[in-house]
């Protein structure tokens, strides 16, 4: 069900003329919703052929079955899940996914894996480049998995992301072009004013051996010189690409990274990188977090060393070195003695300065600890939260109750608290709930209650501990909402739902359930979709945020 009434205006407008060919079948089939999405076989292939004919293509798409190791000529049509290029084998309608392929690019690829109705390929050679080619400013852009689209102009990145969201809403969400008002509901993407140095958190990993691409294997060295500190090579948990500078993090963060890189390999320091295979070694991760001093507005930096044991004497030379950088106000040591390579330690120690830094968002002050969650792009979070606040449409008279699902450290709910009667937040992570209570106390907010609980495991009694909300905000992680929660919301019938999503595929699926129901579960949809607003939170990456407004039909 769609609404035809336009909602809140936005500051950035993308031209409505599509630069990508419609590739409708692919968007839904690539969405990571269930294994069945990938196993359509000949039926999915037939659907693709029918779509091509509907769109006016006379291309004959006879059954095509590529073999592993086969080299094929491909044309990239658009970007899909995780920023992979959605391509077609030249002369057929067969769908192929390729990492680092960009729209408009024609290239040769080698089939590496086939999954029913589509295949995956590795790019061998570019025949003709994509039409929006730019030179990537980062020297690691060709190898690092963080910025896959740095060599695509930012305007083209925005168009590709907007196209992906809109196509998923149409095909996974089942909001057809035949529905009047769809062009009003699907909003143009909101750009990010800052395309570099926007991340306030970066996690680098230590490794016993640098990962090198084939063309640079001659640079391999032995001993400590071959130790790595950087980012994981795409698709590998045990291979680390050595990085001396990251253009996404703050400049003070790069100063710290350079200082550590300059000295940690010195044999006299006896520092060893952790080996995730042999489970031997000391240094696991270097985490850098950037905040702001509330009084001066200047940048503050927290440095967190994640180690396999507590040996502060080994870290002292590094602490002495980086504490001389003016922006460094906190140096922490998280100890993770398990064989797992997570950055969260079972014990935490303060090696220098204070144990938290602060950040300001929507006029509120938030304390950030080494492991607490906070929006990674503070600048764009201001834009995102403003959109959420506008969609919520609070009267401001303190009469409305807000239910904040997947509330994290309470940032969204707390920014709405002063205009609401009461905020009820639910989150599964205990530490996040603790941080939410602290953040409420810091800001003098007394009309917020935060409860620890798993929203994927709610029972029939869920909802008995709070009054019926006027507004529900749901901000789930990538898998989206569990069917139990969908069922609860359809039964609750709150007048308004704001769905905040970091995965447009599962977002489209959940919007379908809330608006159209779930036939096999005998659930009837009861909401109309008012607005879908894509927001670019992370330039040069495939990640997209969406703010969706639903109102009770």
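These residue numbers are counts, starting from 1, taken along the chain as shown.
The backbone N, Cα and C atoms fix where each Cβ goes, and this holds for glycine too.
Remember, it's a predicted structure, so these values are computed and weren't measured experimentally.
In TrEMBL this protein carries:
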- 502: active site, nucleophile (ACT_SITE)
- 375, 406, 427, 475: S-adenosyl-L-methionine binding site (BINDING)
- 51-60: compositional bias 'Polar residues' (COMPBIAS)
- 65-125: domain 'TRAM' (DOMAIN)
Based on Cα coordinates, which of the following binding-site residues are within 10 Å of the residue listed as 'active site, nucleophile': 375, 406, 427?
-> none
Position of peak Cβ density within 10 Å, selected from the binding-site residues 427, 475 = 427
Counting Cβ neighbours within 10 Å across all chains shown, tell me which of the recorded positions 375, 502 comes out on top.
-> 375
Please work out the mean pLDDT for the residues of the domain 'TRAM' (65-125).
-> 88
If the S-adenosyl-L-methionine site is taken as the center of the Cβ atoms of 375, 406, 427, 475, which further residues of that chain fall within 8 Å of it by their Cβ?
-> 373, 404, 407, 408, 409, 411, 412, 476, 500
Mind giving me a neighbour count for residue 406 (S-adenosyl-L-methionine binding site)? Other Cβ atoms within 10 Å of its Cβ, every protein chain shown.
-> 20
When DSSP states are grouped into helix, strand and coil, how many residues of the domain 'TRAM' (65-125) land in each?
-> 3 helix, 36 strand, 22 coil
